[in-house]
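J.: Here it is: the structure, laid out below.
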């Protein structure tokens with residue numbers, strides 16, 4: 001076998017078929033998973049480039065390997081572009097994921113056993129914010145704050161009370177399932193009162209922050225972490241930002257050699273391409289459309305009688321509370337999947353069901369907005385979702401309705417282009 005002459009379909013027919021089938025799946029469903037998006041062909045091309053061959057431990061101009069001249073240029077471009085995008089002084093584009101970006105901040109600023117204060121999982125927080133099964137919950141004394149039991153909004157008074165009581169070394173703002181804006185300035189006030197560090201995890205809302213559609217944490221947080229996919233529409237990966245260059249030096253050392261070895265230079269190049277796309281005027285229009293579409297989706301579900309957590313959304317996330325409907329999140333997500341609508345089961349604040357079952361579903365608009373969906377299309381999507389949920393309330397067998405909605409999905413999705 002001559003590896004330099006064979007294409008994928010010649011070398012590995014099984015993987016080639018899997019990719020073909022996945023392309024068909026992605027092209028034919030309404031994608032409502034809030035953490036997913038579609039990258040541009042340019043980003044795909046960059047992350048499939050031969051930069052994957054290059055080892056580049058260290059940082060630009062300070063590598064442990066020779067032959068890094070070109071990958072240095074790529075990483076410097078990514079750094080400068082993302083600093084411009086977020087108007088900050090420091091950026092590290094090497095984290096392999098958002099989780100590893102968070103871990104690097106912990107390694108830079110904390111010692112094992114230090115107290116961290118983050119949002120609980122059922123309130124919309126992330127595993128890496130102190131959840132018991134995660135490294136952040138095992139290595140540190142993790143304390144969680146919740147949302148208000150009546151409004152389901154972040155309770156800043158409760159956060160301040162917990163901070164005064166537990167004196168955390170690090171306060172974390174950020175979420176994986178919270179549909180409203182965050183007051184980063186208020187978090188900083190609390191941090192300053194107790195002498196803690198402040199980390200903002202903007203993995204979900206990075207695109208909103210970059211375009212000015214959400215308050216930026218850069219002036220307030222000691223460190224800001226994010227993924228580079230989701231609303232940034234780049235390759236899967238992470239990044240760390242700050243205006244404190246001294247903390248930036250600590251984070252650099254924590255990430256390499258503390259946490260990671262060689263960076264993924266093909267992914268960093270793809271990040272640079274995505275950041276260039278994010279700097280274009282049309283990207284702001286895209287983010288505005290993402291938000292408008294989410295509001296339209298939420299309103300259409302409310303019109304059909306479904307409870308939307310917090311009564312609506314300020315971002316790209318719509319959380320549907322199914323408790324009064326007698327439907328589990330798992331049942332709803334699986335039925336929607338069979339109908340060609342992909343989402344995920346999701347815990348609702350103070351959820352008493354198993355995290356593998358849940359009492360709600362999480363819906364998001366970034367992916368379908370990338371394909372060109374507008375408000376009127378998401379109104380239709382909302383009614384499709386409601387039709388499936390209505391069927392689950394009234395019938396044990398939802399298969400006929402699932403097929404009917406699948407036919408509607410197929411007609412709608414064919415109107416919007418996908419990769420050639």
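Each residue, glycine too, has its Cβ placed from N, Cα and C.
Because the structure is a prediction, the values reported are computed rather than measured.
Straight out of Swiss-Prot:
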type    : residues                               : note
BINDING : 121, 125, 126, 127, 246, 354, 355, 356 : (6S)-5,6,7,8-tetrahydrofolate binding site
MOD_RES : 230                                    : N6-(pyridoxal phosphate)lysine
SITE    : 229                                    : site 'Plays an important role in substrate specificity'
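Could you tell me the structural context for the features on the list?
T.: Within its own chain, residue 246 ((6S)-5,6,7,8-tetrahydrofolate binding site) has no residue 6 or more apart in sequence whose C-beta sits under 8 angstroms from its own.
Cβ-based neighbour count (10 Å, all protein chains) for residue 230 (N6-(pyridoxal phosphate)lysine) stands at 26.
Counting only same-chain residues six or more apart in sequence, the Cβ atoms lying under 8 angstroms from the Cβ of residue 229 (site 'Plays an important role in substrate specificity') belong to 35, 36, 37, 39, 235, 236, 237.
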J.: So among the binding-site residues 121, 127, who's got the most Cβ atoms within 10 Å?
T.: 121
J.: Within a 10 Å radius around the Cβ, which one of these binding-site residues has the most neighbouring Cβ atoms: 125, 355?
T.: 125
J.: What does the structure give for the C-alpha distance between residue 356 ((6S)-5,6,7,8-tetrahydrofolate binding site) and residue 230 (N6-(pyridoxal phosphate)lysine)? Integer Å is fine.
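T.: Residue 230 (N6-(pyridoxal phosphate)lysine) has its Cα 23 Å from the Cα of residue 356 ((6S)-5,6,7,8-tetrahydrofolate binding site).
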